[in-house]
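S.K.: This is the structure I have questions about; it appears just below.
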């Protein structure tokens, strides 16, 4: 055994056995997105009988609803394990003692800091020369593999490519090994770093070509291996010119996906937001992807339902997003259409539709189908919608895996006609879907109705009706949506009460956040329900992350300032308590922004009671600074004056440029009505910041003017004391009015300047 003393190396050896599975906010544990980040990679150790992140966590409870007892165990699919020719395994030879000793000395040399920065590439290159012919044995040795990682990170591009060419024939086997996979990953990351040098492009392309040719000869074992699939995806990213550890391609975050589906964030094609793209190899990417799909029909089905190969296919599809020609070659093969010369309307064979619907009920395939729907060209999406999903929407929505595909289908609906078909089939089923725990389908349908501006009134009414008994007032509609699971689990729904102390339902909160983005006249029952909520319930909701987001969404809505003040008043006296919560601090800021002057002062007064404790919290310092609590404590009159000045400026702005509703509003809230037009929300926020900035600048300007005036007075008094008796006798100099008039002039000047700047910005 080699003794390694470095803490960094020991830490690398002790990497976590398995990735933490991020709870999928859509209601299932999302293994498809369970790929590690920088320090949570593939484990080299096993835990509880599992192989690294291949562990099965199917019994784990999920966020948002109870476990589904019908979930199938891993590898239960009838399509799995049907590959034609399994690759024979190779027995690794023991590393000889002399080689072990050599690499042990290399480690000790690096640990002793006895290597200069300039000498490091040379030493790394020489050490890699010693590895020639023994790459497989060394890369799969638990201890020496760590040393190889250090060498591959420190060598130059020529030695790096020599090493990869030397092990090209066994690269898939290295990638599928618990230790070797880390070596393969490190080598690919080093190649990506070397691409910063344009002169290295050709030698790297030649090296990758050798690797791709070997992999394409037999890709299945590597794609379906928990370690090999991770390396495969990194290789795809390298060829595609995107960062190897990009979360968009390596592990899509469920919360990000859900935010896009519910219009809570700007959606974009995968890769559009990447700021560190490198030069890719599009020809090799196409060769690799098309090569791995040259297989039998049964093999393709096996790839679709295996959780690891599904991840590889998802990454490949995302890399081709926006490249319709390539997608029209790849997706029909995955959908079991092997015709040549495919034309529009002929991408999917009707004989394969039944099998496709059944495959979507498999966990891995459902994840893959979500990506297919997201990246599909418009013509292919329309054909899939018409041939596969029409008349099957409710069936799939009822399934614990298939419902996620329906969510993706609805979220990516292209036009009102498609939404009309979706509404026709699912519109009457709101209550049934909620009773089955398929709230994600409802959320997607509501968000898409809002995005495409169709059936907006109908979806809002259908949701309210689904959580109310016949002929019942919608008084408690918000309460029940916040606790969807609790409400629908109650047998006697007429006796249901607010479950004090229970966690608010994540999807229920997200549904309400989406609802409050509709126009005011469409959501009156929801506004009435929220503003009529008991004080204790409002406070409890505000302390919960989901409830806080719901309140913030209402404050951002186009409801009247009067109604917003009614809700804010229910929290009066509790803002200090709320500010101490990580999520509550954001709600406090929203309430402050939506308040009139008297409510703002009440909030500042509440925060003053916890002024000494707030700096110890994460958001406390920001909140104290943003609301100027120190200014309120020391100079309350000036604080009120600043807030009144902001109020006046905002009112002036909205009187000149606001919507008709904003102009006619008699509310004394100067921020409550800033969201009358939801399309201007971002612009309004920018203008608000600009106004605040200019007001602050004006205050500084006035302050400096006061100092100048005082200095002038002192100078004149000094002159008067040395012979200015005649001036004193005549009373011709009145210094106090001079100072007062000049101050007013400077204040007006500052306000005029900021007002001009605000108008100028809006015109631009």
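Numbering starts at 1 and runs along the chain as it is shown here.
Quick reminder: no glycine exception, Cβ is built from N, Cα and C everywhere.
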S.K.: Which stretch does TrEMBL mark as region 'Disordered', out of 663-713, 714-764?
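M.R.: In TrEMBL, residues 714-764 carry the label region 'Disordered'.
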S.K.: Is it possible to list how many residues within the repeat 'Pumilio' (570-605) are helical, extended or coil according to DSSP?
M.R.: 24 helix, 0 strand, 12 coil
S.K.: Treating G and I as helix alongside H, and B as strand alongside E, what does DSSP give for the repeat 'Pumilio' (387-424) in helix, strand and coil?
M.R.: 27 helix, 0 strand, 11 coil
